[in-house]
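A quick write-up on the structure given underneath.
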Amino acid sequence: MTSYVGNPSPHLNGRAPTISCAHCVGGGSSLNYMTYTRAPASDYDDWGVDGWESRNLTPLMKKLETYDVHPGRPTHGYNGPIKVSSGGGKLGIFDEFVHVGTTYHKRSFADDTDDLETCNVYSPWAKYICGTTGRRSDAAHHYVYNQAHNPNLQLWAGKRVKRVIFEGKRAVGVEFTSDPVSCPDMDQSLSTVRASKLVVISAGAFGSPTILERSGIGAEAILKRCGIEQVANLPGVGENYRDHHCSVHPYFVADGVATMDSLWRGDESVIQESLAQWKINGGTLIAENGIGAKIKWRPDDDELKAMDSAFQPRWKEFFEDRPEKAVAIFTLIAGYVGPLSSVPPLRNYMTATSITLYPASTGSVHIKFGEDGKEEIDFTTGFLDDPSDIAPINFAYKKLREICRRMPSYRGEFPAGHPRFPEGSAAVCGEATGVVDLNAPDISYTAEDDDAIDKFNRDCVQTTWHSLGTCAMKPEEDQGVVDARLNVYGVTNLKVADLSIVPKNVGTAMYSTALLIGEKAAMIIAEDLGIDCSSYKSR
């Protein structure tokens, strides 16, 4: 992993958030939560980019996956490299979550909310796990390692790209070195590799814009302060940083309730028992991610009224007339996810989680040099900069707390993972001996309680590791960096193909979109190079 520390923000109570990114072959697919989620089709249409409309992308979505959850679904694929299943373990706590959601929360149920349109219903949450082997279905194993026989592929791990080499405006290669973090004993001198036809950067929302800037592509002021000669004036490089905002709140569960805690704590006997069974049939909690149900949530009229007024303009402008777009995902994690500063008792837990999908706030990623002359990153997350972004997070805390209180497994809140409410408040957190009746009244929060929730979330809201947008595929005059064919404006023979090109947020965990961009990029590059890919069309 590589961690990037953002600039302190007054909207996070002065906190400097840290975002970690995968630093391995396969990128985020090699270590993500494996949650299978797809955006509504309209998200891709909203990009407004020729050739990237949902009608052109849906066949690629189907081509890349084998959807082993339900047969015969028209928007899913059944013969692709990436396996999707329900996972190898069954945790009853998710049935409780769905039951309370469809009764107390008064939403309906659907067996698939990743069909590119269904929204605002409770559903199981499929996983990027092979249903037969119980193994993670990542890009490294299904697109790279299985090409070891291919003479056209060379994989050099442990390298870090310094910059793209240009002859005039034409990209002709890259300059790189051994990575000083993962390979500290390797020779750190610079090497070059030449490209006779094309250079493609796929370094993600942090790596791609900083490579471009080190190569002389970016805003004049940024390059000038770093002493870099400008090759192309593209002020959009590094701008438009986007993410999803996540808030987690752990709860105690009753003794005997199955969760992932013993595995995550490293209980050796549980690990060995689970591994032994997994080797036989690919099952047990080894083949599980601990996340088994969700709702792509949209507020009803009463919920809208209960939310802070700062959200209302955003609702009217973006969400109201677009019923396929969820404001947030509400989900449950079967285990402890919370502050590491407070070591929890050796108990079992569930963690209520909300993920806002279309925050209005944006940030930026640029290079700079520190006082010691070493390159650093000038990173502004933008988290909660727009006043509309905190409202659904604060509301989600209350709603998910009510759902958890009504689940049979509930045994109270783990206080360190919750707001510190004033003494005597009805909202004070702590252990409980039982559950609340489905029809019981909700907790009544005072203005002071609301302030405590707001403070806690600003102190604790975090990344969902869904960074994107910093080399946006938009018109150049709109701070775009690449065109519809992924060409970097102002130069030739250089493309960017990763999540940094996404111009607007998408309502999904980003693995599905990253794979989609890879498939589309492969088609574009093959066409540009005159390679016939007709035998690889969607199935």
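Note that Cβ sites are derived from N, Cα and C of the backbone, with glycine treated the same way.
Here is what TrEMBL records for this protein:
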BINDING   Val161, Trp465, His466  FAD binding site
DOMAIN    204-218  domain 'Glucose-methanol-choline oxidoreductase N-terminal'
Under a three-state DSSP reduction, the secondary structure at His466 (FAD binding site) is coil
Max Cα distance spanning Val161, Trp465, His466 (FAD binders), Å? 22
Local confidence of the domain 'Glucose-methanol-choline oxidoreductase N-terminal' (204-218) - pLDDT mean: 98
Residue counts in helix (H, G, I), strand (E, B) and coil for the domain 'Glucose-methanol-choline oxidoreductase N-terminal' (204-218), per DSSP? 11 helix, 2 strand, 2 coil
Which entry in the list of binding-site residues, Val161, His466, has its Cβ near the fewest other Cβ atoms, using 10 Å as the limit? Val161
